[in-house]
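Okay, structure first, notes after.
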Amino acid sequence: MEKVKGAMTALITPFRNGKLDEEAYARLIQRQIDNAIDAVVPVGTTGESATLSHAEHKRCIEIAVEVCKGTSTKVMAGAGSNATHEAIDLAQFAQKAGADAILSVSPYYNKPTQEGLYQHYKALAESVDIPVLLYNVPGRTGVDIKPETVCRLFDDVNNIYGIKEATGSIERCVELLAKRPELYVISGDDAINYPIIANGGMGVISVTANLLPDKISMLVHAGLAGQFDTAKMINDELFDINKALFCESNPIPIKAAMYIAGLIDTLEYRLPLLEPSKEHMQLIEKTLAKYEVV
């Protein structure tokens, strides 16, 4: 089982006239490949998966697999739901489509117990043969996958190999690695990409990489090679843009930034998401000018 790691990008999903813009999506993925990104992650939080139909969700995975075919860039497909049977359907589709791994967010809104989370992930992972990465983002889902549950899943289920940690807590990442040194901990918070890698993390799933894939690739590859001074320097350099890209709920700012930078032709969201406020749009524009991406 090849464990997907390194510099990974949580892809945005571009729309045109209310529909998936397939050409723009393929173009964005190719840009990631061209900038040495190790894996693209379609239809996660940043990809507005919550407002996509299942047909659109699956089409995004297909496009990612098609564009990445024959390259060194892997596809880690989003396959999360608060209904286990839906998550299994998405995961099985991703495997059949040719995805290299699954990223599955914890069930949201219905707030399962830790035993419920265990049974959910066990059923999902056992329904496929490809690697599965847990995804913990309690600020969005309303439920925290506790370290004990993560360790239990890692011990009991062969293809669960790690977790995307988006709690923003370095302490949590250190705890997980102290308890299970072989667990792959992946940063889910761009602000602390370097600290997580320096403490034994195996990569990042980055929002900022949509805009600056070269910088994120350099940061991660330097860190994984033990070149911590270089990794820290890049992480520090990206502080202001990381902050600006989270001035409102993700993916509102990153999508606006991609539009301002000319990387997508239309700025469209699906309700209940809207364009950034005028104040935040100005902040994003000012920050992009500083980083010379406009």
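Keep in mind that glycine also has a Cβ here, set from the backbone N, Cα and C atoms.
Swiss-Prot lists Y135 with the feature active site, proton donor/acceptor. Positions annotated as active site, schiff-base intermediate with substrate by Swiss-Prot, on the basis of sequence analysis: K164. For T46, I205, the entry in Swiss-Prot reads pyruvate binding site, with the evidence type sequence analysis. Swiss-Prot lists T45, Y109 with the feature site 'Part of a proton relay during catalysis'.
Sparsest Cβ environment among the recorded positions Y109, Y135 (other Cβ atoms counted within 10 Å): Y109.
Separation of the C-alpha atoms of T46 (pyruvate binding site) and the residue listed as 'active site, proton donor/acceptor': 13 Å, rounded to the nearest whole number.
Spacing of K164 (active site, schiff-base intermediate with substrate) relative to T45 (site 'Part of a proton relay during catalysis') is 12 Å (Cα to Cα, whole number). For the pair Y109 (site 'Part of a proton relay during catalysis') and T45 (site 'Part of a proton relay during catalysis'), the C-alpha distance works out to 15 angstrom.
T46 (pyruvate binding site) falls within neither a helix nor a strand when secondary structure is assigned with DSSP, and so counts as coil.
Cα separation, I205 (pyruvate binding site) to Y135 (active site, proton donor/acceptor), rounded: 10 Å. Across the structure, Y135 (active site, proton donor/acceptor) and T45 (site 'Part of a proton relay during catalysis') place their CA atoms 10 angstrom apart.
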